[in-house]
Amino acid sequence: MKNIRNFSIIAHIDHGKSTLSDRLIQTCGGLSDREMEAQVLDSMDLERERGITIKAQSVTLNYKAKDGETYQLNFIDTPGHVDFSYEVSRSLAACEGALLVVDAGQGVEAQTLANCYTAIEMNLEVVPILNKIDLPAADPERVAEEIEDIVGIDAMEAVRCSAKTGVGIEDVLEEIVHKIPAPEGDPNAPLQALIIDSWFDNYLGVVSLVRIKNGTLRKGDKIKVMSTGQSYNVDRLGIFTPKQVDTTILNCGEVGWVVCAIKDILGAPVGDTLTSHNNPASSVLPGFKKVKPQVYAGLFPISSDDYEAFRDALGKLSLNDASLFYEPENSTALGFGFRCGFLGLLHMEIIQERLEREYDLDLITTAPTVVYEVEKTDGEVIYVDSPSKLPPLNNITEIREPIAECNMLLPQTYLGNVITLCVEKRGVQTNMVYHGNQVALTYEIPMGEVVLDFFDRLKSTSRGYASLDYGFKRFQAADMVRVDIMINGERVDALALIVHKDNAPYRGRELVEKMRELIPRQQFDIAIQAAIGNHIIARSTVKQLRKNVLAKCYGGDVSRKKKLLQKQKEGKKRMKSLGNVEVPQEAFLAILHVGKDK
């Protein structure tokens, strides 16, 4: 057991985590050169296309160190985006140490800090690694000082390597062996295994990735899931070398996968403890804190026949992605669907794409909203995650919106632009610290503004140099109103949104104009209105298509013309009272982009 090392690789987006993992696998011979490809751990098509890691992946390698011993390295490659920070904290719970990879050209960025503090809070050994030293812009000395200055860990001795060219990888492996502590645990105690991740295999059922904390797990053992009390037989178990390899035993301290023929998706929730059926452990391992979704949106299948398939797909996906929340919802405009909770907009996009690709569904998303705390006049406090759930205005004492604490790191040159952006987003500055050429800014900004397009705007005002990390801070009273969109006097529930009162006229006008472009012209006028309660704040009209009824009249009597026009007018009036307007798909998507195009 003293030769096992469990660690995660953490870093900011694009600092080279996945490439470093590739090199470690190659150096330790986990895959033959023929099977090796770039970012071999990013196995999902989506990950390859976008060039980002979404799912944390684990690998077991054997490394023969310079002291002649062979060490077993279990490592987990984690995502860097703030939306997937939950994957990172789960991976860290299974480890004793973490490699903090920092790009020697870019230096410390916001995610570097956030992930590093998560690791330190969990009492992990953090080993800094300076990557990308082959770049002409690399300045390892400056970056090492930056790490000490901003993060506060000793980095002068940090290994300098280049994951792309393979320089210094041996040193990284030696560092891992010497710096990261071996796992602690009692091989003879009752079995306790922590479920780090699960996914659904159509042939095997639920496959779980586990870390054995105490005891051992053998093939054929009877195990019990502690939260549900259900017992299962272990059919297969093994490790990833990134390929799935079967073994007969998982020893104390190891990380591996287990198949117990669990058909039920909720059979082995992530963060749960497995123990042996005959000799159960007395206590549950401390799992992970549940993350609360920050962004909610309605997802609806385009054809109502897909509803069943959509429900199953969501179930399978939520097993693999523990931070996804969903509950059934129905809308008059869109039929039956689900209200889903996500950690951020990128997360939402990814989930939607995965559903469309892996499960072959066509979906519509409604405008994303955050959770508001609403105090009603009878003193009851409710949490509202969708505009349609908001009680009528005269029943509300106050609405409180969620405030996010945003930590930004950026070069001094862009400070002015970024502050202007934060103020525009109704932000309040709480802290500002200079580190050499970098500035660390802390702002409290309403979550609704952060979630919408803050990250994109921040990147564009700072030419990509600023980085962001945010988390929920508290609820705070604000003057929020619900804007309803009415088409010919009918409210369309899927188009409603909750906005700040000052922005309401502007957002309403923008939406109405956008809808006017997208709704096809009919035989009668279509009035599109935005309203707060009964007060109309914006309106536009899609003009009717009309025949020229006077074409056949040449000169002659005006009363004849009047009669024909009058007749047309009556016909249009009758059509309008009967006709209903189909709102096309694009109109719902337009809402997502309101305010983005500037």
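Every residue, even glycine, has its Cβ placed from backbone N, Cα and C.
Among the features that Swiss-Prot reports, domain 'tr-type G' is placed at 2-184.
Taken from Swiss-Prot, the feature GTP binding site applies to D14, H15, G16, K17, S18, T19, N131, K132, I133, D134. The number of other CB atoms found within 10 A of the CB of S18 (GTP binding site), across every protein chain shown, is 24.
For N131 (GTP binding site), the same-chain residues lying six or more positions away in sequence with a CB closer than 8 A to its CB are A11, H15, G16, L20, V101, V102, D103, A104, C161, S162, A163. The average pLDDT for the domain 'tr-type G' (2-184) in the predicted structure is 77. Put simply, the two farthest-apart Cα atoms among D14, H15, G16, K17, S18, T19, N131, K132, I133, D134, the recorded binders of GTP, are 17 Å from each other. With a 10 A radius on its CB, D14 (GTP binding site) counts 16 other CB atoms from all the protein chains. On its own chain, I133 (GTP binding site) has A104, P140, R160, C161, S162, V167, G168 as residues at least 6 apart in sequence with a Cβ closer than 8 Å to its own Cβ. For the recorded site, S18 (GTP binding site), the DSSP three-state label reads helix.
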